[in-house]
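What Swiss-Prot says about this protein:
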BINDING   ASP181, GLU216, HIS314  Zn(2+) 2 binding site
COMPBIAS  602-611  compositional bias 'Acidic residues'
SITE      TYR313  site 'Transition state stabilizer'
TOPO_DOM  1-15  topological domain 'Cytoplasmic'
TOPO_DOM  412-440  topological domain 'Cytoplasmic'
TOPO_DOM  494-503  topological domain 'Cytoplasmic'
TOPO_DOM  556-667  topological domain 'Cytoplasmic'
TOPO_DOM  726-731  topological domain 'Cytoplasmic'
TRANSMEM  16-36  transmembrane segment
TRANSMEM  391-411  transmembrane segment
TRANSMEM  441-461  transmembrane segment
TRANSMEM  473-493  transmembrane segment
TRANSMEM  504-524  transmembrane segment
TRANSMEM  535-555  transmembrane segment
TRANSMEM  668-688  transmembrane segment
TRANSMEM  705-725  transmembrane segment
TRANSMEM  732-752  transmembrane segment
Amino acid sequence: MVSSRRGFNPIAFTPWPVTILSSLVYLALIIPIIVVHHLVPPAPKESPAGVDLEEAWHDLQHLTRQYHPYNSHSNDEVHQWLLKRIHAISATSARSESQSGPEVFVFDDNQTNLTFSSAGVAATAITGVYFESRNIVVYIRGTEDEPGEWWKSPDGEPSGKGGVLVNAHYDSVSTGYGATDNGVGVITTLQLLKYFTTPGHYPRKGLVLLFNNGEEDFLNGAYAYSQHPMSKFTHTFLNLEGAGAGGRAVLFRSTDTEVTRFYGKSEHPFGTVLARDAFKLKFIRSETDYHVFDGVFGMRGLDVAFMEPRSRYHTDQDDARHTSIDSVWHMLSAAITTTEGLVSYTGDAFDGDSGDGGKLNNGIGTLGVWFDFFGSSFAVFQLNTLFGHSVALLVVAPLLLIITSVALFAVDKMYMFSMYTYISESGGQVSLYGLRGMFRFPLILGISTALTIALAFLIMKVNPFIIYSSPYAVWSMMLSTCMFFAWFISCVADFARPSALHRAYAFSWMFGIMWVFLVIATVYQKQHGIASSYFIVFYFAGVAVATWISYLELFGLPKTQDYARRQGRLSDRTPSSDSHFLAPSADELPSSSSAAGRDFNPEDVEDEEPTESTSLLRGQQRTTFANYASARGSQESNISNQGNNSLHPKDHRLEQKWSIYLMSSAWILQFLLVAPIVIILLGQLGLFLTSATYQIGADGGSQLVIYIGIAVLSVLILLPLFPFIHRFTYHIPTFLLFILIGTLVYNLTAFPFSHSNRLKLAFVQEMDLATGNNQASLVGVEPYIHDAVHAIPSVQDGKISCTSHGYGGRTKCSWPGLKPKVAEGPYKDWVSYNISQTKDDKITRFEVSGKNTRACKLLFDSPIADFHVQGSVVDKRIPHTGPKGVSEIRLWSRNWENTWTVDVEWTKKNSERTGKVMCLWSDDNDLHVIPELDLARKFAPWWVAITKLRDGLVEGSYSFEL
């Protein structure tokens, strides 16, 4: 007898196709996502026209030779070097004989000053600031700009289309060389000057390049720009910044959709709207000059910055050695594309009433949504578009399922949610087992999620800082935990109660869960302008279609009445005693041709409905769960000869008898509808969030949130596998079990820091100039702060005092330090001050100066009502006082050893007028100037990096009482 063998179906819903295909899809997407996230696109071997990458690299090396904070002599050297480079580039830019280049105007701003404050904090006293500008402003006149030098007139106003601003601050922190914060931004801006003064690249609209000084200490340079005439001319901006040390330059923030589209045309765009929402919701509290340009001036623009690793940020590893020419090119190429688009745009999108009184008339933008695909393409659309699609999906998707369900009931094919059906002729009851597996998915999801999140609490309890150097070990642990236990529970459930409706019920549960998530996301889109929930929209759309397909599959089943009649005829037969124990062989199953010639169905060879006399053993006897895979495999081989290709090959004969009619290949369509877009969007989001947060523990941030976030993201990334995971073979889950064990042991026992991921400890030395007593301090996290402090030779046991109050999750440990040598002469002469009062005692005048410094402070134990610095400008757009008063006044001068005259108005509640007069020193380029800092750098453990705590490395002060 010749058997009719069915051809092999490589996408059948059987263990090997499901295991292999789904694994390949995950690997094919996750690996490129990781590679793109960490590898920077290579710079071209030959510099493109208008730029010189070799020159840019040499400029970066020169710029980062020394620490150059605002309050240092090296900062003056950088200022002079920048002026020299700007004039050299302007003078040597190529010009054709037939066309002259654009006019270039260089403003060395040595006149602007401003008094302002940390406005916006109504519940507490604020910090007032007086700052004198050391900015350099370069204006490249656009080919369509109006001629003339309008800025020379006191009342001069620009005309025509607004210009474009590119900003980069050239000061560094006192403990970092500033290669990426913000050397690459400065070098990029210099190359933009070269590019837009090269023939063929002249800007149509005016371009202003701002090299601002003083960003690190309070965004001072950007605030001072508000008083420069060019601030009235620029309507859009591109801010270049660095909050890491190398890698790709990320689009941190953007004010609106319109400006973002120009960035989206970059060759290698990188970023997601999630970063903007994190700033908006105050999850990220540090700020860049973007805050001033957007919030104070009302300009429209973008914030492009480096973001990782944070362990090198503001340390001596922020140098040229730890970045690359590839990183320079990544920022430069994005800046060229974005700026070229902005200066070439002559439409009206950035002109007109902004609806915000007192700010620029640069039109009204629309909130946007954006994200990149593999660092090579960029999606940009309006938030209103996302909201519209969200609402449509919330309404249409449930209606579609309801209509489909009604249609299934109408044609008598709704097997889901059905326990029994009745034979209309005899009234007999036939079991459909349609509820089998209905509550399996929430059990699988709940247990696997709970176990994954439990690991987050375990790591926090035992080794909370392991993510600082080993984020991928944490990711591997979370993913393998979720995957293994989801598979294990699925297999146990499938072994005990096999169900052909597992897929349909799983997708139905996913539909309900994601629908709730989408409701929440839609509310936040509308009420709070939060766009980072875009992945939920795509997630729900894929799940909705996949769920609908599961419902459509039911139309291929026989009517429940027809099925009941067949079962009724089958029940009239008297089975042999062995029929309960032995499954039919392949030869006993009818071929499709023989089935057509007689009244026989494949269901006829299935197990009978259970009764009181039914054997406890199933037709296909399985002795142990260990034989799960081999039993499944034997079932699959036993039925390989039956049926035609259009029917389900009855892969698992213990499922419901009617399941033979279900499509065997529908699963692959469902999987491809959900998994790829989820892997891409959530994979990129997960890595972005990890890069932004995995080292915030050194700053006192909560790491539990990070671990729980990774756990939840792991579940969401693997969730598309849950409807199919019971079909997986044991091979990959077993391998993941070993990964789980290995990474768990590592994460619980490994030392959390490394040479490339050092723990940052913040240094400050406070000196009482009246007594000469000083306290050197390191601020960091427990328990590592104690190991670092005790490693310093000058620290004596018994003289260390530690406190955690007021340091945001960190501990400050102080000890008597070696006296600094930041100024000449006796330390009592380092700060000079004079205090005088008016006759009515309402105003007190402070005259303050410091040796070898241009930064001082006035600190008040009780907030004052107001203050005025002689010679200062006040801008009504930028308040310098608040409703709760001012507790601190920071004074910055462009000149060394300047004398500030400050008039202070006391509040009526100021019965005790006490405080401190303080000056700061931040220049640590010479050894032995701050010997205690030298010792900390030299003798602290290898896994420690020293950074600054406040504006000054050394603070010398006198107390006063009036």
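The backbone N, Cα and C atoms fix where each Cβ goes, and this holds for glycine too.
Sequence features annotated in Swiss-Prot and their locations in the structure.
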| residue | record | DSSP (3 states) |
| --- | --- | --- |
| ASP181 | Zn(2+) 2 binding site | helix |
| GLU216 | Zn(2+) 2 binding site | helix |
| TYR313 | site 'Transition state stabilizer' | coil |
The topological domain 'Cytoplasmic' (494-503) - residue tally per DSSP class, helix then strand then coil: 5 helix, 0 strand, 5 coil
Count of other CB atoms lying within 10 Å of the CB belonging to GLU216 (Zn(2+) 2 binding site): 24
Rounded distance in angstrom between the Cα atoms of GLU216 (Zn(2+) 2 binding site) and TYR313 (site 'Transition state stabilizer'): 12
Interface-richest range of 16-36, 391-411, 504-524, 668-688, 705-725 toward the transmembrane segment (535-555), CB pairs under 8 Å: 504-524
Cβ neighbour count (within 10 Å, all chains shown) around ASP181 (Zn(2+) 2 binding site): 26
Interface-richest range of 16-36, 391-411, 473-493, 668-688 toward the transmembrane segment (705-725), CB pairs under 8 Å: 473-493
Region pair the transmembrane segment (668-688) / the transmembrane segment (441-461), three or more CB pairs under 8 Å: no
Interface check, the transmembrane segment (732-752) with the transmembrane segment (473-493), three or more C-beta pairs under 8 A: yes
Top partner of the transmembrane segment (504-524) among 391-411, 441-461, 473-493 - counted as Cβ pairs under 8 Å: 391-411
Residues of the parent chain within Cβ reach of the transmembrane segment (16-36), under 8 Å, 6 or more residues beyond its termini: 9-10, 374-376, 667-668, 671-672, 675-676, 679-680, 683-684, 687, 721, 724, 727-729, 731-732
Chain residues in Cβ proximity to the topological domain 'Cytoplasmic' (494-503) (below 8 Å; excluding those fewer than six residues from its ends, i.e. six or more beyond): 415-416, 433-434, 436-438, 440-441, 550, 622, 625, 628, 652, 654-656, 658-659, 662, 667, 670, 723-724, 726
Cβ-Cβ under 8 Å with the topological domain 'Cytoplasmic' (412-440): same-chain residues at least 6 beyond its ends: 405, 490, 493, 497-499, 501-502, 504-506, 508, 551, 554-555, 557-561, 563-565, 567-568, 571, 609, 656, 658
